[in-house]
């Protein structure tokens, strides 16, 4: 029997140099755009890049922001402990991107809004907008805290990186280039960081597979360890990861992140045309698949490498989320610069997510609160206010990292936060977009119901964690380890021999609620929140007075029938619930969004006044635009969006 020593390499000068280059280049991008765009100083340029971005960098930015350090460090650890069922998220990502690109994006892009939650005021009322904005701010600050804290802690424990030094450095650098360069700096920094993430992952894949005896050996070891039992079709909602929980629950969780989240939509509407925005989402899907594949294969390689000596059980690391950094130092420690490359990979995910969060928080705060309270603000003042908000939220997100230390495993903590808040948010936007008759009372009532149920389930699960019988961790071995002490050896033997058993006494002491509602898979929090919001909202609408068709602006709804060309005109009229809708569109590439509109004296035209003062008229009979609030009604008048 070969004993495996627990000593691994340490960070060297070359590693620190590679890691520092990430921060220097990211900061440099912020300085570059600050200098380049200094003559275009306006809040519109700062917050949405002047709506002139192309699909390529936006796609990379989207992927980098949501495939954060949670994925780089947490996902391989999840695969190591629970198996490769994590790969099923690829199916969920596919549905999410398609629905976002074809259902939600057209409404947001064509309405010309800057804050996603501005839509809720246009469709319902101001209280709904304010409630949604506050929920989004809580969600984003909590999630960002996890994203900042988790990699810093894991790297601190393994590489002895200073914990608070790395947290503060992350917050300072992100705040710096967000404040200087605005959205363009965020997008291009994300694009650079995405490349770093892929290179870091590929380095681990190549060296890790070589150190484990090759891909064939990795596959066989993973198969013998039951890590390749991917498709579990158990329909129980209590099972942590099955085909249904990952596909359905994962879809609703990530749809709340992609479909209606300010961070995503803000970058999509920064594209020069709607087609660029749609292509950015589909190209981003390829990036999601690539990072997911790298994370899952990394987890399998790590399991194959440690099949005879699990570092966590043996006591070499104190938490599962430290496994990936430990593994990297184990296989790359003798190659100066390569461990630093992986650390840069992990922190690339962190930087991109934090930067996107700071920029999005500044945007919604400015649009939904500052602009509403202060009225007309000069471009110069608006830009400085936006930059000040970036600083404020940079400090807030960095400070929230302290709270993240109590949230457990980073993948589950991050997706739980998205589920608690994202599901109800997805529900209230779906009420507005898919159901034309929903009224304001239904929207606010449904949102409150959804948030209450989702938080109840998530907080209850935090207090009463699900038993291993539901989470189903796979067996781990310490047979070939040089254990640190006899206590660790005894603990290892216990874990190795009976990985799935729990105390009968402890189980019997748990309440029925703890064994059912609180044991629900964390991926279903979003589904519960979504369904509660939609069902509650529709019931409240029916019990009160549904919205009248003439009060609903056509550009603010998009019934499902619009996605299918084979739907008959009769079915379309039924789905639109009497709301007038046109069939033709104007050329979106030529529209200057955020403009003022007025009725032409001839009554059959509208006049667009751009922000530069230039006026242009459009003939309503020739160029009906079905996703603005301006369409001709039966009397020849114009419905105004104001």
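Using the three backbone atoms N, Cα and C, a Cβ is placed for every residue, glycine included.
Per TrEMBL, the feature transmembrane segment maps to 16-35 (among others).
The transmembrane segment annotation in TrEMBL covers 86-109 (among others).
For the transmembrane segment (130-151), the list of distant contacts is 68-70, 72-74, 115, 117, 120, 166-167, 170-171, 261-263, 321, 346-347, 349-350, 353-354, 357-358, 360-361, 364-365, 368-369, 393, 396-405, 407, 410, 413-414, 417-418, 420-422, 424-425, 428, 444, 447-448, 451: same-chain residues at least six beyond its ends, Cβ to Cβ under 8 Å. The annotation transmembrane segment is assigned in TrEMBL to 130-151 (among others).
Annotation source TrEMBL lists transmembrane segment at 163-183 (among others).
According to TrEMBL, the feature transmembrane segment maps to 195-222 (among others).
Through the fold, the transmembrane segment (242-260) approaches residues 66, 85-86, 88-89, 91-93, 95-97, 99-100, 103-104, 116, 231-236, 281, 415, 418-419, 421-423, 425-426, 429, 521, 523-527, 530 of its own chain, all at least 6 residues removed from its boundaries and within a Cβ separation under 8 Å. Look at TrEMBL and you will find 242-260 (among others) tagged as transmembrane segment.
For the transmembrane segment (281-306), the list of distant contacts is 4, 55-56, 58-60, 62-64, 66-67, 71-72, 75-80, 84, 86-87, 89-90, 93-94, 97, 100-101, 105, 194, 197-198, 201-202, 204-205, 208-209, 211-213, 217-219, 221-222, 225, 227-228, 258, 268, 323-324, 327, 330-331: same-chain residues at least six beyond its ends, Cβ to Cβ under 8 Å. What TrEMBL lists as transmembrane segment is 281-306 (among others).
According to TrEMBL, the transmembrane segment annotation covers 341-362 (among others).
Annotation comment: TrEMBL describes 388-411 (among others) as transmembrane segment.
Packing against the transmembrane segment (417-437) from elsewhere in the chain are residues 103-104, 107, 119-120, 123-124, 128, 132, 135-136, 138-139, 142-143, 146, 249, 252-257, 259-261, 443, 446-447, 450-451, 454-455, 458, 522-534, 537-538, 541, 546-547, 549, 552, 556-560, 575-579: each is 6 or more residues past its ends and has a CB under 8 Å from a CB in it. Taken from TrEMBL, the feature transmembrane segment applies to 417-437 (among others).
Among the features that TrEMBL reports, transmembrane segment is placed at 444-464 (among others).
As annotated by TrEMBL, transmembrane segment applies to 522-545 (among others). A Cβ distance under 8 Å defines the sequence-distant neighbours of the transmembrane segment (522-545), meaning residues of its chain 6+ beyond its ends; these are 237, 240-241, 245-246, 248-250, 252-253, 255-256, 412, 415-416, 418-424, 426-428, 430-431, 435, 437-439, 441-443, 445-447, 449-454, 457-458, 461.
Through the fold, the transmembrane segment (341-362) approaches residues 11, 15, 18-19, 21-23, 26, 47, 61, 64-73, 137, 140-141, 143-144, 147-148, 151, 154-155, 159, 161, 166, 170-171, 173-175, 177-178, 182-183, 186, 189-190, 193-194, 196-197, 199-201, 203-204, 261-263, 266-267, 325, 328, 332, 386, 389-390, 393-394, 396-397 of its own chain, all at least 6 residues removed from its boundaries and within a Cβ separation under 8 Å.
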